[in-house]
C-alpha cells in the first residue's frame, strides 16, 4: 500500500503547477502524463490552452512587431529621401466627399503608421488634418456626426472569434470514445435482438442504451453551453474601457469602442492609447510602445514627434490627441487578432484533478478488463460444458459476448472521472458570475482559486479603505489653521485670511498647478474631472472664487512636471499675469517633500514673506501638518517661486503658500471586513504613500494597526538589510510614504521568506510590478489605470475593500465545493466498480445494466458537479484560517468519509445481492431484486450527495435551500429515477416496485446520513508535513502534494 501511495505521489508531482505564469515545459509535462486515457479530449481540454496554437500566435505576433519596428525605426529615415511626387495616391470615396471630408481613411492611416512627417507638413500639420476631417480641435466631434464617421473611416472594433453554438457543444459531448463504442454496441444489439426476438421486443435493450446516451450527451452539452455563456459575459466585461474625449464642446467619457476618427482624446498616466492619432498639445508626454514594437525604450511625444499608435501605454504626462485611424486600420488591430489565440492558462486545480482523474481512470480500466475477463471466462466455461461446446455459436451467444463488452466499456465510462477537471470550470464559472454581480471582475481563472488561500492582503488606503470622496477639511494659510468644511469656517477663512493679492496668488497656484480640469457640462453645471485629491482642491478654489468674487486668471504654461508616485510632487512654470507675465513656478505635493524644498512662508493675509528659519515658523508649519495628519487628514502643501527669465522648475527656494488637510472618510463596513480577515487568518497590511501619522490614524480606525503592530516609512524600510527585513516584516501592519518599489519588495519577501500567499491592491501605473509579482493582483476599477488593470488578476469594480473579502470567500468556496464533489464522486466510483466486479466474479452477470450504469454516471458526473460545485459560500468559511502551500488535495477527512460511505454501501448492496431474495420475500424474481438493488444504490447516492455538503459538520441540511441548483438537481434526480423505474422499465431493464420496496429503498439510502454523522465523530490525525485540520477545509495546493 505504501508503495502504491509513493508511486501516486511521484506521479502527481507531474501535475504541480504554479498559479501564475507557468512555464511551457510544465504545461506540456502534465499533458503528456495524462496520456491517451481520456474519453473525450475535445471536452476535457476545451478550457486548456492549445500550446501549439499559442506558439504559432506568438510567432505571428513577433513578426508583426518586427515589421512595425522596421517601419518605425527604418522607414522614418527612408522617408527623408522619398520624393513627394512618388507618393501613393489615395482616392477619396464619394461618401467621404459628400460628408464633407477631404482625406481618405487609407491616407490618414498610412500617415501615422509610417510616421510620415513630410506628409504631415504637406497637410499643414494637425490643424490642417483637423480641417480635412471636419473637426474643431477645441470642440471635438459633433455627436450627430459619429455615425457617418464610422461609415467613412471605420469603427474601432477588432475581429473576434465567432461564439460557439449549442450544436457545437453537442458535437463535442458526442465525441466521447466510450459512448461511441456503446452506441456501436447498441446498434449491433438492436440488429441481433430483432433477428433473435423479432420486432419490437428485440430492439428495446439497444434502443434504451441509445436513448440514455442521447440524454447524457444533451445534458452534458447544455451544462457546457451554459458555462460558455457565463465566460462570454465575463469576456465582454473585461473589454470595457472608457476614455475621456471632447465632443460637442464638452468633456465626457465614452467606450474605447465608440471612438471615431476626428475625436479629441484626453490622455494621462496609465491610459491606453485607444487608436492611432496625432499629438495636439500636452506636457512631459511619454509612451511605452513595447506592446507594439517590442522596444522597451520609452518614446517622448511632443510637437516635434506627434505620432501616437493605438495599444501603446502612457507612461508619464498628459496630452490631447486627434484620432486618425481606428480598428483594423491600426497596427494594434492586426495584433489583436493574435492576442487571444491558444486560450487562457489552466488553473492549478484543473491540472491537479487531471492527475487524479488519470490515476482513477487507470484503476477503472484495470477493473473493466478484469470484469470482462471474468465474465468471458465464466461464459466460456459454461459453454464448454453445454451440448455443442465451443464449436457451436448462435446469435444469443454473440449477444452475450457483446453485452459483456458493453458492460466493460460502461465500467470505463463510470470509472474515468472525466467530470473532475471540468467541475472546476463549472464552479469557477458560477463563482465568477456571482462575483461580477458583487462588483469583482476576475480576469484570470486561477486567481479565483488562489484567492481562497490568501494569507495576507497588502492594501492601499485611498479609495480602498476610504471612500475616495475627498473634501478640503482644514487649511493652514497666512499663519493660522482654519476649518473650511463648514459654511461658517469657510466664510471666516475667505474674509479674514485672504487679501486680494494673497487670494490671487492662492487661486493661481490651485488652478494652474493641477492635473485636473474644471469643465462645464451640457446642462451648464460646472464639474471637476480628475483625481479625487486634486478635485477636492479645485472645488475649494471654486468656493474661494465664489466667496471673494476674485477669479483666477488664465496663464500660458511654459513647463509642466506631472505628478507621479515616485516624486510625490507636481510642478508647473507659468507666465504669471500676477507677476507681470514673468515665469512663476508652483509646486504641489506631499507635505514633507514640498516643505523640504521651501525656504520661506507667507505669514499673513497681506502676503508678507518670512524665512522659515525665523520665529519657529518651520516648527509651526510642521506642527500644523502633524496635527492634520493625526486627525486622519491627507496633507498637501502648495508653494511658489518667481524664476526670472528661466522656464525650468527650481529644486528649492520656494515660498510656502498653504497646507491643505483633506478628509477622505473610511468606507462603511471596512472595520467589519478587516475583522473578518483577522478571524479568517488573513493579515491585512496597509501600504500607502500618505504621511505616517495619517496612515496610522486611518489604520487604527479600521482595525489594521494593533498594539503589537509596527508602522514604518518606505525610506526606512528600503534601507534595511535582508536580515533586518526578515525580523520586521511579520510585524509590519502599516507602511507609509512608500514607493511602488517598496510594495514590490514587501510582496516579494512575504512570498519568498515566509511562503505566504499574498494578495496586493494597486491602482497606478507604477503598481504594475507588484500586481504582477503577487499571487493575486487586485486592481481598482474606478481609480485604477489601464496599465494596472492589465497586470491584475482581479479588478475590484467599486474599489471597496469589502469586495476583496467577497473574492476571498468565493475562492474558498470554489475549492471546498470541488472537494465535496470529489468526495462524492470517488465514493460512487468505488462502489460501482466493486459491485460490478464482485457480482461478475460470483454470479457471472453484472447487477447494473448498461442503461443503469450510464444513469449513475450522469448522477455522479454532470448532475453531481451541478449540485455540489455551485453551492454559495457560507460565513463559516471565513472563520477558518487558510493553510499554506503544498497541502494534500484529498484530505484525511475526505478519505475517512469516502471509506466509511463506501463500506456501508458495499455491505448493504452485498447483502441485498446475496440474501435479498429471501429477506424481501421476492420468490426468486431476479429482475425485481436487481431493480430494487439499482433503486437502493441510486438513493444511497442521493443521500450521500446531501452528506457531501458538509465534510465535517453533522448538520448537512444547514442552508440547503440557499442553493436552488442543489435542490433542483436532487429533485430532478429523484423524479427521473421514478420515471426510469416505473415508466421506462422496458428500456432500462427495470420492473415495477411496490410502495413498500420504494419506502425501503429510501430508508436504506437515508441510513447513509446516520453513517455520515457517526463518521464525523471519528477524529483524524495529521501526517508529517501535512496541515490537515479537523475541519477538513484545505487551500489550493501549489507545491508538491499527494492524493
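Numbers run from 1 along the shown chain.
Yeah, the Cβs are placed from backbone N, Cα and C, and that goes for glycine too.
Unlike curated records, TrEMBL annotations are generated automatically.
Range with TrEMBL annotation transmembrane segment, chosen from 140-158, 159-177, 178-196, is 178-196. Range with TrEMBL annotation transmembrane segment, chosen from 308-338, 401-431, 432-462, is 401-431. Range annotated as transmembrane segment by TrEMBL, chosen from 756-778, 779-801, 848-870, 871-893: 848-870.
Helix, strand and coil counts from DSSP across the domain 'Cation-transporting P-type ATPase N-terminal' (124-189) read 40 helix, 3 strand, 23 coil. In the predicted structure, the domain 'Cation-transporting P-type ATPase C-terminal' (846-1017) carries a mean pLDDT of 86. Each residue of the domain 'P-type ATPase A' (242-338) gets a DSSP state, and the totals for helix, strand and coil are 18 helix, 50 strand, 29 coil. In this chain, the transmembrane segment (998-1018) does not touch the transmembrane segment (359-381); fewer than three CB pairs sit within less than 8 A of each other, excluding pairs fewer than 6 residues apart.
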